[in-house]
Amino acid sequence: FKGGDTCEYLLSSGRFLGEKVWQPHSCMMHKYKNSEAKNCLIDKHVVFIGDSRIRQLFYSFIKLINPQVKEEGIKHGNIPFEDKSASIKVDFLWYPEVNGSMRQRIKSWTEGSVAKPHIIVVGAATWSIKIHNGSNEALAQYKINITSIAPLLEKLAISSDVYWVLQDPVYEDMLSENRKMITNEKIDAYNEAAVRILNSSSRNSKAKVKVFSVSKLIAQETIMKSVDGLHLPESSRDTNAMILMNVYCNKIMKPIDGSCCQPQPPLTLIQKIAFCFFTLSIIGYLIISLIHRNNYRKNKPCTDLESGEEKKPVISTPNVSTLEILLHCFCKLGLIMTYFYLCDRANLFMKENKFYTHSSFFIPIIYILVLGVFYTENTKETKVLNREQTDEWKGWMQLVILIYHISGASTFLPVYMHIRVLVAAYLFQTGYGHFSYFWIKGDFGVYRVCQVLFRLNFLVVVLCIVMDRPYQFYYFVPLVTVWFMIIYATLAVWPQIVQKKANGNCLWHFGLLLKLICLLTCIYFLSYSQGAFEKIFSFWPLSKCFELNGNVYEWWFRWKLDRYVVFHGMLFAFIYLALQKHQMISEGKGDPLFSNRVSNVLLFISIVSFLTYSIWASSCKNKTECNELHPSVSVVQILAFILIRNIPGYVRSVYSSFFAWFGKISLELFICQYHIWLAADTKGILVLIPGYPMFNVLVSTFIFVCVAHEISQITNDLAQIVVPKDNSTLLKRLLCIAGFFSGLHFFSAMQDQSRH
């Protein structure tokens, strides 16, 4: 609500999520690795000035650069640290009191051509309280001394980052006898004096000393764990050091999950063009709407004064023009994309880090499962994996994946492994659905291909433009797009083998199996030949689509993770359709899929297989090793689920309309969550209503689902216009689309050149 600088929030406010995770107010804090800290602080000089508490902060800070550092320096003396590989110097200067000595040291940096430190962290007070036994005269002298130092710090703040660390509270019951005079009341008085005096004379906003007051809040929660009642426990001072690193480094490193202290990114050329396009679409639609409204008023029925009856002029309702549909769609899309931009690119709404607890994941799962069972209806058809059933399957999987993402459950390995199966199941459906269509219909026309590609990619292309993200960033859409093209190429290439042709001669079935074996061989080769895979996708223009951070490794990793499951889906479709054709399965309403004996045996095996996989996934200890096995074994649980869901006739004859509704917009839900439900490109959570987490989730979820549903309708409407059935018209549209992407590439090249 307040807006303002997120740096101020980072330095002054926040709360603990659990026991150790600190959540700044309104923004996200990045956890810096050693390599990142070095890159940020390369050729920098950092100075910590103060007492033993500042020395603690100094050690926590340098451990972010080099974790091997041990706290072996002189307790009451200066301690130097240098990382020669990155030319980083970090010094601790022992000045336990704010006095003339400290003033002289600070003054030396303001005079002449002396090299000034890039970061200065200052703080002291407890020694003054201790030495002078907490006297009021000492407090008065502290005020005088800090008043003399303040102008020097403000002068340094013009060119350096200067932080004044307020004094943390103490745990009075644990203090030793010679520290009993250090009370929280005295500390508050010293802190109040420092805050009032610092920056009181500064009129230049750039010359402000940043007050590091957040450590007080952290200490209030953790000082009880202190060893001596004065010094903070290690976890708390590590948090303070990480906050300090975020304050300085976020604007330099620009981490995705570190929104604190990051300025709003400037609009790119492509974003400006998109903004103009959507604005013109909105204006155009409003003009057409006004014209129609005026025409309606002119043709409005009038009353016959003599008879008192209403005369209705005979007018024909005009068909809505293609232009009007286009403008209407782009008008709605423009408003939706504005909301996307405001949520995840402008610094308008707050963002928070995720924090996983078992309850935050499993309670919503139980809740939606109960809802799904409550909305149970009879299916229109009782075939295996009928349309209602596949929509239901997509729906509940998508809802579970959404809960997985917002709860941060990826940190819990058993949940991660089960979610990997859900992603694999979606790809399994891709293989099953597209193979079934091509096999039964034999339709390999351009219209079908363009329709599928448009529906899959439309939203992602728009988001790449509006949110300034590469295509590969939305990894799942490139994945299903490439697999669709692989399925199409496998079946469309000569000889085209379809069900109608195969029914005439059984040998064609062996021909199709040979095609599938060739496909499996290619998949196996590419999965174990990273070099060959990267060469294929490093050619222009494929490289523009599949590179992320300058290489295609991420794309290879994503593809490899579920490399066999689409093939499994195709093979399952082939076997199922063959069994169906030869009437070896019974799909009547209420009938088991096979004979009672066979059905019971298969059902028992399926349940055991399903539970066995879950036990294995739950016992995983190493993510890398489990990911290696996942492509080969994920099909076990998928097939087990299909058989459990379809063998009993009464189970196959019902479906959840609740889940099926979400299944129809599952792709839009998966993509939209990146920016308007989660935040910082899925790394955090969007906060529309601060201070009320549950209410915030309800409101943001409602908007998110409505937007996804609306985008689904917009995509369907535009697909009918952009991809017409008439081949000559379709060719013209494809040329226009090619021109659009050529222009996009041209402007993208201009952007890259201006950035470099």
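Even glycines carry a Cβ here, placed using N, Cα and C.
Look at TrEMBL and you will find 22-72 tagged as domain 'NXPE C-terminal'. Feature annotation from TrEMBL assigns domain 'Cas1p 10 TM acyl transferase' to 253-734. For 273-291, 325-343, 355-375, 395-416, 446-466, 473-495, 507-526, 561-579, 599-617, 659-680, 692-711, 731-750, the entry in TrEMBL reads transmembrane segment.
For the domain 'Cas1p 10 TM acyl transferase' (253-734), the model gives a mean pLDDT of 92. Note on the domain 'NXPE C-terminal' (22-72): DSSP counts are 22 helix, 9 strand, 20 coil. Contact between the transmembrane segment (446-466) and the transmembrane segment (325-343) is supported by 3 or more Cβ pairs under 8 Å, counting only residues 6 or more apart in sequence.
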